[in-house]
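What follows is a single structure, written as structure tokens, with notes after it.
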Amino acid sequence: MAERETWTSRIGFIFAAVGSAVGLGNIWSFPFQTAANGGAAFLVVYLLAVFLIGFPTMMVEFVIGRRGESNPVAAFEKLGYGNWSFTGGLGVFSSLVTLSFYSVVGGWVLSYIAGSVTGGYFGDAGAYFGSVASGPVAIGAHLVFMAITIGIVASGVTDGIERATKVMIPAILVLLVGLAAWATTLEGATAGYEYYLSPDFGVIASNFGSIVPPAMGQAFFTLSLGFSVMIAYSSYLGRDDSLPADGGAIVVVNTLVALLAGFVVFPILFATGGAEGAGGGAGTAFIALAGAFGNLPAGGVIGFVFFAVLLFAALSSSISLLEVPVSYVTENYGVGRRTTALAMGAAIAVIGLPATFGTTWLDFYNDVVFNLLLPISVFLLAIFVGWVADREAIDELGRGSSIGSSFTTAWLWWVRIVVPTVVLMTLWLGLETLYEGLTTGGYF
Ligand code: PFF
């Protein structure tokens, strides 16, 4: 079998992992979930979820990945717990399902880049969304987005993924800072900042049950946790890199990008009417923003830059989603990377087709991942590292770093008790959402 590739440098790994984390979740979903769930109140709960639950969970995946040094399924075998491989498999499955609809939204982004040039959405933003979000245009754009993803993954870990993310991540940061600076000049920006940044703790208290599950789901999704992606990526990592330091950098940059996206989106929304109506699901975000761009001076240029940023972010994530099943098949069955990337990509594109029929299918796929697959996967990972894996595996956390064994022990107890408890609670509340959608005909 071919020699396993590794990242050419620690920075290469960080870029790729940040690329996976920074995606549609940060720039599209985060501001609109915030808008839908009471503004700053949601922001507070989300930040707690990212740092208190997300970061420790990322360490769980890093420990399994670096110690397992192989794809997410074989990693469990290498650690000596082959009967837990299904946990890695569940992550691979979730990646596959997620990529199938993520690519459909990636296709929408392509259409909005085109619309910024042609002025297609300037007149009637709702009608434009209707014309590109389902039907032939949606199918075509979905296939183009998937083809680009396949192209990058087929080129390999260093030549494809590492090289692409090293260009895309700095571009995203620079362009977002530019957009946020421009947004300060908008009339109404102050009202936007206020909605975004001054939390009403009363809102948190009275809506706790409805804010926590989306905040938690968003935290896992944005950090690419529960998809085996971080297991796969950290398996290419050198033995003497510090897992907590790398993870900390990834979480901080990812959070910065989400916060920055809020500094772009809220002033724009408030300059043209406010956040009401912007948080109602997959499509409303595109309609609200495109409508705003259509009403602003030089809106086409701003729209073009914004959707280009969104495209980079989406691609740097979609390649990580494809890398997971591809690394699994190439290593387990010895099939070449190019063939595998093409075959898996094509299969995933087909699975995503229903999401091009209408946004209800997309919402359904999204809710299954957020409310079911993700929490189950994170729960299993926490139980495995917390209660099953031996201490030698646990100590992987401190290898190559200056943290002491008391840090490792504190983390271990956190992963044993707090993470699974919070995740189970989220799962319960999320199942209610799914059940309601299915029984009241909300989806189909
Ligand atoms: N973290 C990405 C985002 O926020 O858009 C989405 C994602 C990528 C989730 C890769 C999971 C994953 F494995």
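Sequential numbering from 1, following the chain as shown.
Cβ atoms are placed via backbone N, Cα and C, with glycine included.
What TrEMBL says about a protein is an automatic prediction, not a curated fact.
Database features (TrEMBL):
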type	residues	note
TRANSMEM	7-28	transmembrane segment
TRANSMEM	40-64	transmembrane segment
TRANSMEM	84-113	transmembrane segment
TRANSMEM	133-155	transmembrane segment
TRANSMEM	167-183	transmembrane segment
TRANSMEM	219-237	transmembrane segment
TRANSMEM	249-270	transmembrane segment
TRANSMEM	277-296	transmembrane segment
TRANSMEM	302-329	transmembrane segment
TRANSMEM	341-362	transmembrane segment
TRANSMEM	368-389	transmembrane segment
TRANSMEM	410-431	transmembrane segment
The transmembrane segment (341-362) vs the transmembrane segment (7-28): 3 or more CB pairs under 8 Å: no
Selected stretch (most C-beta pairs under 8 A with the transmembrane segment (167-183)) from 84-113, 219-237, 249-270: 249-270
Intrachain residues whose Cβ lies under 8 Å of the transmembrane segment (40-64), provided they are six or more past its termini: 30, 33-34, 72, 75-76, 79, 88, 195-201, 203-204, 207, 211-212, 214-216, 218-220, 222-223, 225-226, 228-231, 234, 237, 243-244, 246-248, 250-251, 255, 262, 378, 381-382, 384-385, 389, 393-394, 396-397, 411, 414-415, 418-419, 422-423
Interface-richest range of 7-28, 133-155, 219-237, 249-270, 302-329 toward the transmembrane segment (368-389), CB pairs under 8 Å: 219-237
Beyond the flanks of the transmembrane segment (133-155) by at least 6 residues, Cβ under 8 Å: 99, 103-104, 106-111, 161, 163-164, 283, 286, 314-315, 318-319, 322-323, 326, 337-338, 341-342, 345, 348-349, 352-353, 355-359
Cβ contacts under 8 Å made by the transmembrane segment (249-270) with residues that lie 6+ beyond its boundaries: 14, 17-18, 21-22, 25-27, 30-32, 34-35, 43, 47, 50-51, 54-55, 58, 169, 172-173, 176-177, 179-180, 183-184, 186, 188-189, 191-193, 195-196, 222-223, 278, 288-289, 292-293, 296, 306, 313
